[in-house]
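A short write-up of the structure that comes next.
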Amino acid sequence: MVVGAVNVCEFQELAKKVLPKMHYDFFTGGAEDEHTLRENVEAFCRITLRPRVLIDVSRINLSTNILGYDMSSPIMVAAIAFQNLAHSEGEVATTKAAAAANTIMVLSTTSTCTIEEVASSCNGIRFFQLYRAERSGYKAIVLTVETPKLGRRWADIKNKMVAPELKNFDGLLSTEVVDENGSKLEALSSQVLDSSLNWNDIGWLKSITNLPIILKGVLTSEDAIKAVEAGVAGIIVSNNGARQLDFVPATISVLEELQVVQAVGGRIPILFDGGIRRGTDVFKALALGAQAVLVGRPVIYGLAAKGQNGVTRVIEMLQDELELTMTLCGCRSVKDITRNHVRTERDRLRSLL
């Protein structure tokens, strides 16, 4: 156990003590004025819980299933870039912690360990953030669709953020860049990202792989409908941790207020990414229609503080808090969590009409 950390948020302070300022700013920062970065967390505070009483909650079952894969809880590990900047073992430590917790980890295309290194480190269920994964035993492709160009991040520009070696690009393109005017990460991204990516490319990607494809970065009902029509296996409601476009809505507000859940209509699973800091946050996302959540920054803070053990502890804390929330709200299983268990700002406004 990490001494002094009694909840997930406290791992951020532990990470700040051990990380160089450039790397800490990279992991914590958001786009431009960071309005959405703050909103991703604060929006959860405006959702209250509606507990039910006199229900036998002597046994609580957190387990769930995503795309046919059983998990111990609806808490997954999000794709996080450059994890070696947080800890020398990087993505290998994180995937070991995820496997030990019997949950799914999404490996970033810009990981600092190769997909083969991560795959061979342990037995676990892994999704990959692009498509060079099938032969390494990955179970799904997560295609990030919100980054035709890198968002503007003031801290990275001021710090002249330097990207580490990206082993997954070896032999494909050079990741050596020279830019004395700002973030070297921004200069690298201009070479790596493809701004011509469009809906037609989903069909091409489906034609070259047998793996299910999940779109990450859906924020509107219109795009949710197009995703279903394109035949993807699932979507991740995400604003990229508020690192791309400032003043987009907090992701928790997108599920219902922008009618993404209604647009999908249960035809494919909806995963949620953004702002999870408490077990109550997980509960609220599930109540509003998500099948599971992905956790990013808290994982990297745990990794920075104590490596694999830190990641394990972060996952355990969120699971323990979710179990307590379910108990106190009268929900014996994840399937028992419903829309009636939360009250949103929209609900309060309706009550005034």
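The backbone N, Cα and C atoms fix where each Cβ goes, glycine too.
Computed from a predicted structure; not experimentally measured.
Residues or ranges marked as domain 'FMN hydroxy acid dehydrogenase' by TrEMBL: 1-347. The annotation FMN binding site is assigned in TrEMBL to 79-81, Ser108, Gln129, Thr144, Lys216, Ser238, 273-277, 296-297. Under the heading glyoxylate binding site, TrEMBL lists Tyr131, Arg153, Arg243.
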### Query
Do you know offhand how many angstrom separate Ala79 (FMN binding site) and Arg153 (glyoxylate binding site) by C-alpha?
19
### Task
Looking only at the domain 'FMN hydroxy acid dehydrogenase' (1-347), report the model's average pLDDT.
91
### Task
Determine, to the nearest whole angstrom, how far the Cα atom of Arg297 (FMN binding site) is from the Cα atom of Arg243 (glyoxylate binding site).
12
#### Entry: Alpha-carbon spacing, Asp273 (FMN binding site) to Arg243 (glyoxylate binding site), which is rounded to whole Å
12
